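Chemist: The feature region 'Disordered' is assigned by TrEMBL to A:1-24. Residues annotated as transmembrane segment in TrEMBL: A:33-53, A:99-119, A:131-149, A:169-188, A:231-251, A:283-303. Annotated domain 'ABC transmembrane type-1' per TrEMBL: A:93-304, in sequence order.
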Amino acid sequence: MATTSLGTRKPSRREADSGGPKRVSRRRNIGDLRVALFFVAPAVLGFVLFYLLPTIRGIYLSFTDYSILGNPVWVGLKNYLKIFQDKLFWNAMGVTLEYVLLNIGFQTVIALGLALLMYHVAKSTLIRGILLLPYLVANVIVALLWFWMLDYQIGIFNQMLQWLGIPRVAFFGNEFWSIPTIAFVNIWRHMGYTALLIFAGLQTIPKQLYEVANLDGASPWQTFWKITMPLLRPVLLLVMVVTITGSFQIFDTVAVTTQGGPVNASRVIQYYIYQRAFSEQDFGYGSALSVILFIILAVVAFLQMKFLRGNENDLD
Amino acid sequence: MTTLTKPARRRRSLNWGRISAWAALTVAIIITIGPFLWMLRTALSNNHALASQSSNLLPADFTWGAFARVFGLQSQAQAQAEGGSGASINFWQYLGNSLIVSTMITFSQVFFSAMAAYAFARLQWPGRDKVFAMFLGTLLVPGIFTALPNFLLVKNLGLLNTYLGIALPSMLMTPFAVFFLRQFFLGMSREVEEAAMLDGARHSRIFFQIALPNASAPIATLCLLTFIAAWNDYFWPLLVGNSPAVRVLTVGLGVFKSQSPQGAPDWSGLMAATLVSALPILLLFIAFGKKIVNSIGFSGIK
């Protein structure tokens, strides 16, 4: 959405520039270049030092054996071949996928519901602000707060389960529950933020469409499926590209609560990379793992964007 | 809004829908606020009393002790008497570190990103759109992927465990900040700029005297978002700034938690510490909540 508005703006500005005599506009191009270099220099330096070179270096390191001490030793595809036979890697991928599916699945549905409520029922900024609050608080804080509330012995949540006659659950300490619990904690943190993004999308749907549907006697249910959802789909997919990319990189919550346990039940991919690279000083292997994560994210984003573009065409 | 045009029969059924909608919203608000109140309740409790009063909704044996413990104001004996671990923690230090790092990142990143955004939006130069596309492309690169080589770079520069090492990678630009401000500079009116040009003003003057003041609202919003993101960051400061002298709050909280004895963790102390860590953000939120809420839309997609 944002990128399309960029696209429409650029040509019109260019036309305006080429409207004048050619000689003038060319002189201006070169004249601006010197100033422009001055203006972009710090940002370009940051881009090259902390994005571009690290990307190249990361790919290079993934083909080496490197333990911080000494120099990287080129080993070709060894790291990648090892990864494909690494049970912990496959476990991490499975665990991460389980997390992403639970997190994104529930979060998107809940956020969509909240966004509809924000749009149709409660228009106050205060309510939107309250629902956004958890997102503004650090992951670490949110994780520790829920770690306490979900404590097996004296956590308030288990206390409430007991009042309801339901047996206590070791949320973070149980192999089955650890990932759903972490997924839930992050749904709690992100649902308001995601709802606001979807809410912004709802505001772009022309109001007349609802009025027409209303005059035609469409039920709210019909209006939702026939008008809201088709028009919201591009926004919804864009939101999902962003949330899924973030979800794959779950780290903070795991790092301060379960630390990958019990056994390997919550060792998500980024935590595994962290352990291999920093606890075991195996930078080559860690880099190869992060290259694989990068490729997975790029493929997922690409598939979604393709899907997204197809939908935009349908609507226009 | 739509109910006005509806016949009476429909309106009644919609009212039921309205009631359940408000009920759902109320539940969502309670679920959102409740945990924060529980954080406060626990922070004001005596840690020893928490176990026996786990179903008491008010602070168990009200005390400010947990806060005193967090700021290192309690003697070891006192701390242990109230259920602390007895290990010394000084959150003043971490609070200061977080403030220094977040402030460095915020001002520097917003300023340099504004400069770049101005060049991308208002200046004509060959290769401009290509460079901008490359900037945007970095949004797709996962943080962990650049974190490993960046760690090596910071280490090679001898900046491990320094403020600059923690802040540097975010100080020069982020693709989001450049993108966010470019949007506003694109919308700036061309006439003012051209009038200034005719008066012989240079681009540096236009930038400082026209573009920046005109964009003060989005710049303030960006400062808020950047500060909050920097304050909350955990992974990068954990990698490069784990020594106590430069440790930021999020990393300090992780250490605090792992220091707790496994049998009876110091929950009161931990919750007091999280509350202290979240406080600056809560204050910003109270002061500028509306600005933050309204900034989240399409341009707010990170």
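Here the Cβ of each residue, glycine as well, is placed from N, Cα and C on the backbone.
Just so you know, TrEMBL annotations never went through curation; they're auto-generated.
As the structure is a computational prediction, the values presented were derived from the model and not from experiment.
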Chemist: Should anything in the same chain at least six residues away from the transmembrane segment (A:169-188) have a Cβ under 8 Å from its Cβ atoms, list it; otherwise answer none.
Modeler: 95, 98-99, 102-103, 106-107, 110, 134, 139, 142-143, 146-147, 150, 152, 157-158, 161, 247, 250, 253-254, 257-258, 261-263, 265-266
Chemist: Between A:33-53, A:99-119, A:131-149, A:283-303, who has the most Cβ pairs under 8 Å to the transmembrane segment (A:231-251)?
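Modeler: Against the transmembrane segment (A:231-251), the leading stretch is A:99-119.
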Chemist: For the transmembrane segment (A:33-53), find every same-chain residue at least 6 residues outside the stretch whose CB is under 8 Å from a CB in it, and list them.
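Modeler: Tertiary neighbours of the transmembrane segment (A:33-53) are none.
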